[in-house]
Amino acid sequence: MTTDLEQLRGDLLASIQAAAGLDAVEALRVHALGKQGAITGLLKTLGAMRPEERQEQGPRIHGLREAITAALAERKAVLERLALDARLASETLDLTLPVDGVPPGSVHPVSQVMDELAEIFADLGFAVATGPEIEDDWHNFTALNIPETHPARAMHDTFYLAGEHEPKMVLRTHTSPVQIRTMMTQKPPIRIIAPGRVYRSDSDATHTPMFHQIEGLVIDKGITLGHLKWTLETFLKAFFERDDIVLRLRPSYFPFTEPSAEVDVGYSVVNGKRVIGGSEGWMEVLGSGMVHPKVIAACGLDPEEWQGFAFGTGVDRLAMLKYGMDDLRAFFDGDLRWLRHYGFSALDVPTLSGGVGA
Amino acid sequence: MKFTLNWLKEHLETTAALDEVVETLTRIGLEVEGVENPGAKLAAFRVAKVLTAERHPQADKLQVLTVDTGEGPPLTVVCGAPNARAGLVGVLGLPGAVVPANGMVLKVAAVRGVESNGMMCSTRELELGDDHDGIIELPADAPIGTPYPDYAGLNDAVIDVSITPNRQDCMGVRGIARDLAAAGLGTLKPLKVDPVPTSGAGPEVRIEAPEGCPAYFGQTVSGVTNGASPDWMQRRLKAIGQRPISALVDITNYVMIDLGRPLHVYDKARLSGALVVRKAKAGEQVLALNEKTYTLDESVTVIADAQGVHDIGGIMGGEDTGVSEATTDVVIECAFFDPDHIAKTGQKLNLTSDARSRFERGVDPAFLEDGIAIAARYVVDLCGGSASEVTRAGHAPTEPRSTLYDPDLAATLGGLVVPADRQKAILESLGFLVDSSWNVTVPSWRRDVDGPADLVEEVIRIEGIDKVPSTPLDRVPGVARPTATTEQKLERKLRRTAAARGLNEAVTWSFISEKEAAPFGGGAWRLANPISEDMKVMRPSLLPGLLAAAERNVKRGASGIRLFEIGRRYLADRERLTLGVVLAGDRSARGWQGGKGQRFGAYDAKAEALALLEAAGAPVANLQVMGEAGEVYHPGQSATLRLGPKTVLAAFGMVHPSVLKAFDLDGEVAAVEIYLDALPAKRGTGFVRPAYTPPALQAVTRDFAFLVPAELAAGDLVRTVKGADKAMIVDARLFDVFTGTGVPEGQKSLAVEVTLQPGEKSFTDAELKGVADKIVAAAAKLGASLRG
């Protein structure tokens, strides 16, 4: 009996080990453990045994059953694993094949720089103000202390709108009329920046008939030229993210400021290119000054009580200085190659914590 | 404004070197635009004497010269000039010198077999004049061997200064010298005024139009000879780019540049009767010195005589009475013209001149007496003759202006503490008079100064604006507050959403051509003085600029063009913020997975419109898709998105082929315009969101396939289905559109997946059947029947 069992175990285990497929394993299971199976038959003999004999044979037969069950499961797992491996092997893909990308969108440098400026000036407490681009003569010139006969009008290369308009309408030549609109509608203290499109009848590599300016205005009590200087230094350091920004103020003339100053920023030459920072040379970047008492008065404020400063600079120019474009005309051409090269990712949102530059 | 360093030193006693002068000019607000030394390019040319001149053995027209260069043995030089001869003193270019006129580098070379060691030069070769008939002939006593620029006084740096419009006083060399003296660069020399003896009555002058010309001084000099002006004067005028003409004309130019005092001279023989300052008659004409004829009107002040107009007052003289070589008697005019008047006349006639630019900025009204005295002195000294008495008609506005000044303002406005006595010294050095109570009298030549702020500027610019210390602005305690307005936030969000969706932001011109504007109904605003026909009309839509940009990109070989712009369109009533999108070329390129490339279609435009409106916070689910997108679009493939029937938030679709043709574009182009100003204002509800707990039970979906009339808009069916039971139905989504086998002619099959959300309890079969019945019944009202 014992020999028979051992013989059976050996035969079955060998067969299981040799089973080539899941079907063969299943057939062996039926052969051994099915209703008519060899081991099932042995288990059935237990009932007819004497107790002593059953005591002896029972564990053996059960042991055999367990061993075969385990062997079947193990073989089945191995075969399943082999089958899966074979299937997966047949499913191999050439992953060097290209995939369809999402088209690369971009934000225009002018928009990006305007966002950067808004972020910096928000920290200094400046809100953003806007005004019309088709502006009347009074806001663009007269209120800014530029009467009709003023030679400064000729400096502006103004575009006039056709037709009879009263007052005469122009395309604003600067963002300064927003100063006027702000002072006439808000009570001081005022701190605003006003970015936007401006127009001058001029065209070459560094001048386009349309460009972007940003105006700054502070009206408060006790504001001096020193505050202007600090504000410009602070803003330029934050914008270029450099501590070695050096400013040079030069006395100049704008009808709407008194005293007036042109602001040069120092540059250094790195690999033959001008880079903002240092003081190897000077580049004119801003016009500024203390708001003229006549302008403050024209807006209905008392110049004895309120004073302040204003400044203006080209947004496109700031973008060029920071990001290295050298042809202003390309800004307005809409060439996709240029937009993708110089443009910014949607997620490059300027933040103070991350640095405004991208 | 150009002048030379030596010219400046006529007025400024200084030891300062050129660099210091240049640096100081910029520092005090007289920005130096350029410095050039005209002698530098002639440094290698020297004064030399021809010792012998022999016929060249090989050439009839050449001579072989021996030339004394002032050092070493004489050099052999071959020369073709007819005037070359022994004894002539001229200018020799040595080997290595570069001839200014043609850039040729001189070297030792054989000329027809004779070695030549340099070149004797003509005036034209050295760019000193037009004469090329022969070589330069210098006086016999010219020092041999001296570098020519030293001999000719050409080593005199020309400084070009940009004068801001407020500083008329610096449109004369003397004004600049005064500013430099105030800045501590030396002392201003006294002005030499040496009136000539006079006899006899001056010219007869009548002022009939004092508002344009309140003062007119005239003086006759008889018996003059109007030859060339002296070398020193010609040299200075030439150095600053003024062409010498004749002594009388050169004198007027010289005094204008030297002292900022424009003058005019008439040939007395060509005048008849009194000089009358009057308004022009309408239609009256004058041939001006620039050889153009101007037609005048009553607003123009002119100088006339019995015959007609001879001078557009303060701007340009007339050709007919100008001086010439034949002039023997000259009338000198030194008048004061009203600045505003000059500006208006100049603008009207579109005529600029050196005189106008000075008069319109306001010349010194107190300088007429000295001005005419200095002019007459030059005339008598350089041209001879005898002077009449001065006729003085009218009065210039010389009443002194004064302003009360508080020296604390330098600190409280200028931000720089400057001791009061230092301020006083600065102002006085500029010609201001300061009394003990700080009542400051403005010098007559400083029309620009009329208040305390102007005085602060004078003090700060001379003391040094760079000394102003930076002073931090006050800062509100705590973290900076948000400053962006709703509109700015909207614009930013849309811009970055569009970029994230693969669109490229462009910035295109605000002005377009009439032709580009036409399909969009033309523009409400046209420029009166456009820079070109292409930039004439303020855009009524963002699409023309984007379509033109798309066309340029197509020409450059781009395929998938996705452009957007956020900007204003300019309508008659106001400027409206708009977002435009243009999709052109391939939506997707051909690929190994997808096969052929796909073109953009109207649904791509719709997808962009909805996604952008969603980002803008518009109630996208409530928008109605309606027609009337406009003639710019394909009539069957375009729509508007509206909030209620009247408020159009966006238009989108395929661009009409005839519009594409106008923009030189082929194929299909999709476009979107979103009218940002029409978006409903977002209500400020704070940060707290409505309460929400995800439902415990899973949603159930049911599919319904309907046969509907072919012309029924699918959106109507979906909306109707969704509205059939507002409590249970949370969504309805169309997932199939089918026509063909099994669908009767004139109908189409629309399949809708309806999502039902149970609340506390699962739906019963009866409830599900109930809602299905409602859906079918509602759909039936649109002519839809459940597909069997």
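The backbone N, Cα and C atoms fix where each Cβ goes, and this holds for glycine too.
Unlike curated records, TrEMBL annotations are generated automatically.
What TrEMBL records for B:39-149 is domain 'TRNA-binding'. Remark: secondary structure over the domain 'TRNA-binding' (B:39-149) totals 5 helix, 39 strand, 67 coil, with classes taken from DSSP.
For the domain 'B5' (B:398-470), the DSSP counts in helix, strand and coil order read 29 helix, 10 strand, 34 coil. Marked as domain 'B5' by TrEMBL: B:398-470.
TrEMBL lists B:D448, B:D454, B:E457, B:E458 with the feature Mg(2+) binding site. Cβ environment of B:E457 (Mg(2+) binding site): B:G414 lie under 8 Å away, each six or more residues apart in the same chain.
Look at TrEMBL and you will find B:695-787 tagged as domain 'FDX-ACB'. For the domain 'FDX-ACB' (B:695-787), the model's average pLDDT works out to 93.
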Looking only at B:D448, B:D454, B:E458, which of these binding-site residues has the biggest number of Cβ atoms within 10 Å around its Cβ? B:E458
Go ahead and report the DSSP secondary structure tallies for the domain 'FDX-ACB' (B:695-787): helix first, then strand, then coil. 25 helix, 32 strand, 36 coil
